[in-house]
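A short worksheet on the structure shown next.
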Amino acid sequence: MKVLCTVLVVTLLAGCQADVQPEPEALEPAVRKSDQPWELALGRFWDYLRWVQTLSDQVQEELLSSQVTQELTVLMEDTMKAVKAYKSELEQELVPMAEDTKARLSKELQAAQARLGADMEEVRNRLAQYRSEMQAMLGQSAEELRARLASHLRKLRKKLLRDAEDLQKRLAVYKDGASEGAERSVSAVRERLESLVEQSRARAALTSQPLQERAQAWGKRLRGRLEEVGSQARDRLEEVREQMEEVRVKMEEQAEAFQARLKGWFEPMVEDMRRQWADLIEKVQAAVGASTPTPSQKP
């Protein structure tokens, strides 16, 4: 019975130890070494995370002293700063691109950039949580905490890999868009130069004509221009004449209406004054007649 218990204990310890050991993995294509600064910075973050996943004695010691989270913070900031710088560099080359396409690509790239930053932040927070749990050790053994941390790190690592690959693809599309915009700009310049060359050839051909032909051509263009100006002037004069006639008619109508209003205002007043004046004269005459003495008769 004791032998059986011993075998079971050894088997359980071996299983816990096996969970802690990370499986060997090749270097992922998303963090391959390249010439782009942001990929180099992400590669340093990735290498450091692979080292943390070993959960060696040195790793556990630095986890408890917050050394690991501090290192990850620096690597995170370097990576996101490099991504932002590379994105700004590409935006300078996207000027010839249509604004709606440029806005869409920028929005997609910004979302992928945010996801990568959130993944790295989640890794750092999980390691900080492990540090707190190890310091507290509330009802759990160190082996259990390490096994759970190893499992979480494997999941976070896969998520980080997926979002890093997505960001890499978005940046590639962004770069292709910048290249296409630059090609369109070069094509537009080429077309403009060809147009200028064609105009120069036409001017050279015109210069090579005899003086008389050039004079006739200029005279013909000048006559055409004068006729056009004369026609425009006549049309304008006719418009002015019509406008003046309309103004005259309107003024006459307004004057007649005003005269009618004045007549309507003053005729009743004049008629009333006439009646009052006639009444006044009658009253005066009556008063004068009444006050005149009758001549006395002589005997």
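Glycine residues also receive a Cβ, built from the backbone N, Cα and C atoms like all the rest.
According to Swiss-Prot, the feature methionine sulfoxide maps to M137. DSSP assigns M137 (methionine sulfoxide) to coil in the three-state reduction, placing it in neither a helix nor a strand.
Summarising the annotation, Swiss-Prot assigns phosphoserine to S141. For S141 (phosphoserine), no same-chain residue lying six or more positions away in sequence has a CB closer than 8 A to its CB.
Residues or ranges marked as repeat '2' in Swiss-Prot: 96-117. Per-residue confidence over the repeat '2' (96-117) averages out at a pLDDT of 80.
Swiss-Prot lists 118-139 with the feature repeat '3'.
The repeat '4' feature in Swiss-Prot is assigned to 140-161.
According to Swiss-Prot, the feature repeat '5' maps to 162-183.
Residue counts of the repeat '8' (224-242) by helix, strand and coil are 19 helix, 0 strand, 0 coil (DSSP-based). Taken from Swiss-Prot, the feature repeat '8' covers 224-242.
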